[in-house]
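Colleague: The active site, nucleophile annotation in Swiss-Prot covers 101. Feature annotation from Swiss-Prot assigns active site, cysteine persulfide intermediate to 193; the stated evidence is sequence analysis. According to Swiss-Prot, the ATP binding site annotation covers 6, 7, 8, 9, 10, 11, 12, 13, 32, 125, on the basis of sequence analysis. The compositional bias 'Acidic residues' annotation in Swiss-Prot covers 396-406. Annotation source Swiss-Prot lists disulfide bond at 101-193.
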C-alpha cells in the first residue's frame, strides 16, 4: 500500500514509519505545521509542534530514505482546535485539545488530503491496536492512547495503521536506538502545544477577557470573588482564593462551574462524586444496541478514570445540543446514558466518555460521546436543568490538591 506516515518528530512516529517501511509499504513522511506563529510554539524536546520537532522528523525520514514533506494545516488547527478550545471554555465545557486534534486534523484534514492524493492509509505512532476494523487498547497500559482515538469513525479507521500498538514503550526506544534515530531518548510531550508556557489560565484570559464572578460554597454563601470561571477546574484545591480556613478544617474543591452566571461552587471531596453520565456527539456505537442496556467500561480521562457501567442509547433527535452547539453530520442521532457501577470524581461537561468492552486480548473500543451532564450518586439518569461543570482531574491530582489541567 501507499501510506503517509505522520511524523511528529518523536520516537513513536519514527518507529511507526520504520515499521511501515519494513512491512513493504510505499511510505512518505509528513510533518504537520500547525502554528501560525512558529516562534510561539514550544521550543525544545517536550513540545509536539515545534520547529525542532520538524527537523527531528526530517532527520528520521532521511535515515529511512523516504520522501519528506511539511503540510501546513495551521488555519484548520486554529479554527478547529484552538478556537474550539477557547469557545468551549467560554460556554462552560472542558475540551480535550489532543482528542480534538486527532478528530479534526490528523484523521480528517491529513487523512482526506492523503486519500485525495492517492494514498491508501495514514500511519501514526499511537499506542492502540487495530485489526479488521476492531480498535483495542495498546499493549502498553501506561501509554495506551485508544481514548483519544475514540472520536474516529469506522470509515476513518479503515484507512489507519498503528504499528507500535503491540509494543511497550521501552522496546520502542530500544528499536529506535538500534535504527540510529536521534530521537530514541527524546522525552514524551505532555503539555498543550499551542500554550508554550503552560499557563492555560492566562491564555484563556487573553482570549476571553475578564468575566468577574463569585465563588460560593454548597450552601450558597459567597466566600470569594474571581476574574473568570476559566481559571478553575472541577477537583481543583489550590488557588481558589478562599480568604479563610473552613470551619470543619476539611479541604475544599471546585465542585461545579456555571459559566452563564459566573459562579464557581466549592465543596468537599464527597461532593465531587457522580453516579451517572449523559453524553452526546456519539461516534461508532453499534445501532443494534439502541434502546437496550449493555454492560461496558467507561473512561472519562486520557489517563485513568475507568469504571464499569451500565449503558443504553436513547433517541436524541434535536439538531442542537443543550449548550447551543449544532450537531455535526457524522454524529449519531442518540444520546448515551451511563449508570456508573462505581462513582467517579471530577467528571466534566465537555470531556469525552469513551466506552469499552473488556477483552483479554485488549479492551475493545465501542465508541464515544461528549459528556453534557452528570447525575449525583443515587439520582436517576435524566437531563439535568442545572448547568454542567468545567474541568476534570485525575484522582492523584485531587489527592495532592493539584490542578491537572493547568
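From the backbone N, Cα and C atoms, a Cβ is placed for every residue, glycine too.
Model, not experiment: these values are computed from the prediction.
Help me understand the surroundings of these features in the structure.
Modeller: DSSP assigns residue 101 (active site, nucleophile) to a helical segment in the three-state reduction. Within 10 Å of the C-beta of residue 101 (active site, nucleophile) there are 28 other C-beta atoms, taking all protein chains into account.
Following the DSSP three-state reduction, the secondary structure of residue 193 (active site, cysteine persulfide intermediate) is coil.
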Colleague: In whole Å, note down how far the CA of residue 101 (active site, nucleophile) lies from the CA of residue 12 (ATP binding site).
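Modeller: Spelling it out, the Cα of residue 12 (ATP binding site) and the Cα of residue 101 (active site, nucleophile) are 17 Å apart.
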Colleague: If I take the alpha carbons of residue 193 (active site, cysteine persulfide intermediate) and residue 8 (ATP binding site), what is the distance between them in whole Å?
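Modeller: Between the Cα atoms of residue 193 (active site, cysteine persulfide intermediate) and residue 8 (ATP binding site), the distance comes to 12 Å.
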Colleague: Using only the residues recorded as binding ATP (6, 7, 8, 9, 10, 11, 12, 13, 32, 125), report the maximum Cα-Cα distance in Å, whole number please.
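Modeller: Between the outermost Cα atoms of 6, 7, 8, 9, 10, 11, 12, 13, 32, 125, the distance is 16 Å.
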Colleague: Give the number of CB atoms, excluding that of residue 32 (ATP binding site) itself, located within 10 Å of its CB.
Modeller: 25
Colleague: Looking only at C-alpha atoms, tell me how far residue 101 (active site, nucleophile) is from residue 10 (ATP binding site), rounded to the nearest Å.
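Modeller: Per the Cα atoms, residue 101 (active site, nucleophile) and residue 10 (ATP binding site) stand 17 Å apart.
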